[in-house]
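Written out below as structure tokens is the structure these notes cover.
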Amino acid sequence: MKQYLDLMKHILAEGVDKSDRTGTGTRSVFGYQMRFDLSKGFPLVSTKKCHMRSIIHELLWFLKGETNVAYLRENKVSIWDEWADENGDLGPVYGAQWRSWPTQSGDAIDQISQVIAQIKSQPDSRRLIVSAWNVGELDKMALAPCHAFFQFYVADGKLSCQLYQRSCDVFLGLPFNIASYALLTMMVAQQCDLALGDFVWTGGDTHLYSNHMEQTALQLSREPMPLPTMTILRRPESIFDYQFDDFELTNYAPHPHIKAPVAV
């Protein structure tokens, strides 16, 4: 994906060197946007191999409302292990906020069910929003939400989605985030009988870690391949009934995987 490589080049050319919570150090820019037309292919980075199985299982885990890594470990997905406690718990991270945002009255709001109902009944609403940034629970989370807020938009029978990501690890995290929200948009569009529009990614502190520079240079030396195709093989009764085998990725011919350390 040329947009992704252009972002890397922009950070290297225009970014500033900053310290960070992990102590690793970053080169960072503030405020960047990319747009992907989902009708023209699935936006999965091809200049290194991305682990689509982990992306799918993580998204299904979010949609289940789970915050313990047991499901992920059962499916050989380890991307959250560094932040889990000895019992596998992460606190009220994404799944909890998406599916059971606590209210002052002691109830819980299922934001995913709510936004899908709103898309169906009020497609022109400007409130088609899901937020994971619950200020009152941030101190209980193993990791504050990086992809914090997303909004749907319906026009001409097409569903688009914009994500605001307050903090973005461009080398390791961003390929996952783009693919995950593109897939979520496909699922919601199917549930709402809408065609695919755009996925718009907006980044806040958008950075390359200082120990990812060699890997970034290698990736920039590679030529992007044509976008693959993601097919949803069946239509479940609800957004919560999708299973891993419902998704088929074809024509994905990436360059080899590039290993890099995770900043914890």
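Glycine too: its Cβ is placed from the backbone N, Cα and C atoms.
According to Swiss-Prot, the features are:
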ACT_SITE  Cys146  active site, nucleophile
BINDING   Arg21, Arg126, Arg127, Arg166, Ser167, Cys168, Asp169, Asn177, His207, Leu208, Tyr209  dUMP binding site
BINDING   His51, Asp169, Ala263  (6R)-5,10-methylene-5,6,7,8-tetrahydrofolate binding site
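Location within the structure of each feature annotated in Swiss-Prot.
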{"residue": "Arg21", "record": "dUMP binding site", "contacts (Cβ under 8 Å, 6+ apart)": "none"}
{"residue": "His51", "record": "(6R)-5,10-methylene-5,6,7,8-tetrahydrofolate binding site", "contacts (Cβ under 8 Å, 6+ apart)": "none"}
{"residue": "Arg127", "record": "dUMP binding site", "contacts (Cβ under 8 Å, 6+ apart)": "Gln118"}
{"residue": "Cys146", "record": "active site, nucleophile", "contacts (Cβ under 8 Å, 6+ apart)": "Gln165, Arg166, Ser167, Cys168, Asp169, Gly173, Asn177"}
{"residue": "His207", "record": "dUMP binding site", "contacts (Cβ under 8 Å, 6+ apart)": "Ile11, Gly15, Lys18, Asp20, Thr26, Arg27, Ser28, Val29, Ser167, Cys168, Asp169, Val170"}
{"residue": "Tyr209", "record": "dUMP binding site", "contacts (Cβ under 8 Å, 6+ apart)": "Thr24, Gly25, Thr26, Asp169, Phe171, Ala263"}
Cβ neighbour count (within 10 Å, all chains shown) around Asp169 (dUMP binding site): 22
Arg21 (dUMP binding site) - helix vs strand vs coil (DSSP): coil
Maximum Cα-Cα separation in Å among residues Arg21, Arg126, Arg127, Arg166, Ser167, Cys168, Asp169, Asn177, His207, Leu208, Tyr209, which the record lists as binding dUMP: 35
Among His51, Asp169, Ala263, the record's (6R)-5,10-methylene-5,6,7,8-tetrahydrofolate binders - longest CA distance, Å: 19
